[in-house]
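Pulled from TrEMBL, these are the features on record:
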BINDING   Asn97, His102, Glu107  oxalate binding site
BINDING   His100, His102, Glu107, His146  Mn(2+) binding site
DOMAIN    49-199  domain 'Cupin type-1'
SIGNAL    1-25  signal peptide
Amino acid sequence: MALTVKQRFFLAILVLAFPLSAISGDPDIISDFVVPMGVNNTLLDGNFFTFTGMRPLINSDPPTNFTVTKATMAEFPALNGQSVSYAVLQKPAGSVNPPHTHPRATELLFLTYGVLEVGFVDTTNKLFTQRLQAGDIFAFPKGLVHYQFNCAENDFAVAVSAFGSAAAGTVSVPSTVLATGIDDEILTQSFKTDVYTIQKLKAGFPPKA
């Protein structure tokens, strides 16, 4: 019998719920957990260690835009010092998560629904690709440029990613290159193209504030 979206989601959480400290980019802590500044340690209870931000996903409609719902140290302070975080990726048909890196963590992606084409490039410029189906797990090594693409024509995809850091960081390659003010001539020579092409590409990435 086919699993419901709710069952697939909780299966993903169950499978990925294990320590990732061995591949962590976070410093070790000498206490059990880190209490936020200004918070009385004696007043902490189970609520501090509970994140409810994923609840809306359980009964949500299929995604119409590529969305990422995160549970990192920024959203879930209890993760500070724990060397782990999560993200749920919802991808409509034909959507892409553009080339990017996570400088402080390996990403372990578990596809819970749909199909995805994924890949990463290592430091020798070798491209590793794979077509995933629901139930597959794929590892994106720490710091390497990678992407995901929902190659289905008429169906969405849902994946849960675990990171070996409470703050893995995300650096988008397109926006970093095209929206940070790097001179057109430098980009023209780097990509062996013309200024017109570079400016057309930049038009799709407004300058960062």
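Residue numbers in this text run from 1 along the chain shown.
Backbone N, Cα and C atoms are what each Cβ position is placed from, and that goes for glycine too.
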Rounded Cα-Cα span from Glu107 (oxalate binding site) to His100 (Mn(2+) binding site), Å = 12
Which residues does His146 (Mn(2+) binding site) neighbour through Cβ under 8 Å, counting only same-chain ones at least six apart?
-> Pro99, His100, Thr101, Glu107, Val118, Gly119, Phe120, Val121, Phe140
Quick one: among the binding-site residues His100, His102, which has the most Cβ atoms sitting within 10 Å of its own Cβ?
-> His102
Within 10 Å of the Cβ of Glu107 (oxalate binding site), how many other Cβ atoms can be counted across all chains shown?
-> 26
Are there residues of the same chain, six or more positions away from Asn97 (oxalate binding site), whose CB falls under 8 angstroms from its CB, and which are they?
-> Phe66, Leu89, Lys91, Tyr147, Gln148, Phe149
